[in-house]
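**Student:** Take a look at what TrEMBL says about it:
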{"type": "ACT_SITE", "residues": "Ser87", "note": "active site, nucleophile"}
{"type": "ACT_SITE", "residues": "Asp201", "note": "active site, proton acceptor"}
{"type": "COMPBIAS", "residues": "11-20", "note": "compositional bias 'Basic and acidic residues'"}
{"type": "COMPBIAS", "residues": "379-397", "note": "compositional bias 'Basic and acidic residues'"}
{"type": "DOMAIN", "residues": "54-214", "note": "domain 'PNPLA'"}
{"type": "REGION", "residues": "1-48", "note": "region 'Disordered'"}
{"type": "REGION", "residues": "369-397", "note": "region 'Disordered'"}
{"type": "MOTIF", "residues": "85-89", "note": "motif 'GXSXG'"}
Amino acid sequence: MKVPKPSTAESETHAADQQRAHAVSHAHSSSHAQSSAHSSSHADASPRKPTIALVLGSGGARGYAHIGVIEEVLARGYHIAGISGCSMGALVGGIYAAGKLGEYRDWASDLRYLDVLRLVDVTWSAMGAMRGEKVMQVISDLVNGIQIEDLPIPFTSVATDLTRKREVWFQSGPLEQAIRASIAVPGVITPVHHQGHMLVDGGLVNPLPIIPVVSYHADIVMAVNATAQYPEVSLEEMLPDWTINRNRTSPFGDWVEGLVGRVSGLWGRLVPGHLEATPRRQAKGTPAEEESWSKLALMLESFEMTQAALTQYKVAGYPPDILVDVPKSVCAGYEFHRATELIELGRRLARKALQEHELMQPIAPRVCPETIRTQSPDAKNEASIDKSKGPASESER
């Protein structure tokens, strides 16, 4: 069985070349896709839906919104040409590419607060607070044995190599291992040790990996940022007509949350370096309360703030055609029992973004390859660009 050797991502100093390749590859993709149809009927001018390359960012539980985005993209008739993902984005994107998104969606939607607690396999290791084995068992049941290179669409999972202090891309090898490396939040989930390297969450260096999709030859690059620094808004405010969270509206759910809060406070006091109680903003419309912030909670919040800042730089450097922003304030990154609402939020945000894009960029009729080549000043370079796979991962036995 092939074992992936993570590869170093290309330096961002090549931004101009990448952007030019992006534009030319779009034109070449259209030419290649339509060449056979044109040969049989030169007069074929029927409209078509463009292809979309998805970039699914990190964001913890807010990454459930990626499911809604994918469902909306497909419902509107678009074809997903490939996916690049980081952390929760790698998990959702990889499962979709494997054809198992429906099963994962059903499982996640049924999770209650206690179910999430049962999935937490605490470890006393200094490398992380939990092993992640219970969660990965669920993932393994869905994608066991699947190799990335055998997926029907291109897929890239982004992780961070702490040993070499570099971003790495998984584009071949076991899908399960690529997902596990990408979701290993430093200090929270134990890292993956692979061929002498220590791999953790890709969000540490690239929470919204746009560059890998350049080689996918899609008409549209659509990125989903699940750490958007919006003015603080609650999930209830964004879904006013939606029944929000069964656990939060029931006495039993309140009891569970209170218990978890007390356990979290106890854990924080047991861990060296625990900080004093810090006021934490609650969802807008509910009374503000004071909670004890354990070392773990503080670490998660700090990590998410860093990711949000990095994402802004990535978007500024490599602007996608469509950007879907999921506000960071809609829920905490560990609220994995809120899948149903977050999936719906992703669907609505994607619908709005796609509608706006379609109004600004009407779907063009089919055009002949000759026209495309005439329009492309870099046509002579198309052959080499078409073969570009980005910094594809090497494999070894």
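Every residue gets a Cβ built from N, Cα and C, even glycine.
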**Student:** Using the structure shown, find which entry in Ser87, Asp201 (the active-site residues) has the sparsest Cβ neighbourhood within 10 Å.
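**Tutor:** Among the active-site residues Ser87, Asp201, the sparsest Cβ neighbourhood within 10 Å belongs to Asp201.
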**Student:** Using DSSP reduced to three states, classify the residue listed as 'active site, proton acceptor' as helix, strand or coil.
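**Tutor:** Strand, per DSSP.
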**Student:** Measure from the CA atom of the residue listed as 'active site, proton acceptor' to the CA atom of Ser87 (active site, nucleophile) and give the result in Å, rounded to a whole number.
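**Tutor:** Their Cα atoms are separated by 6 Å.
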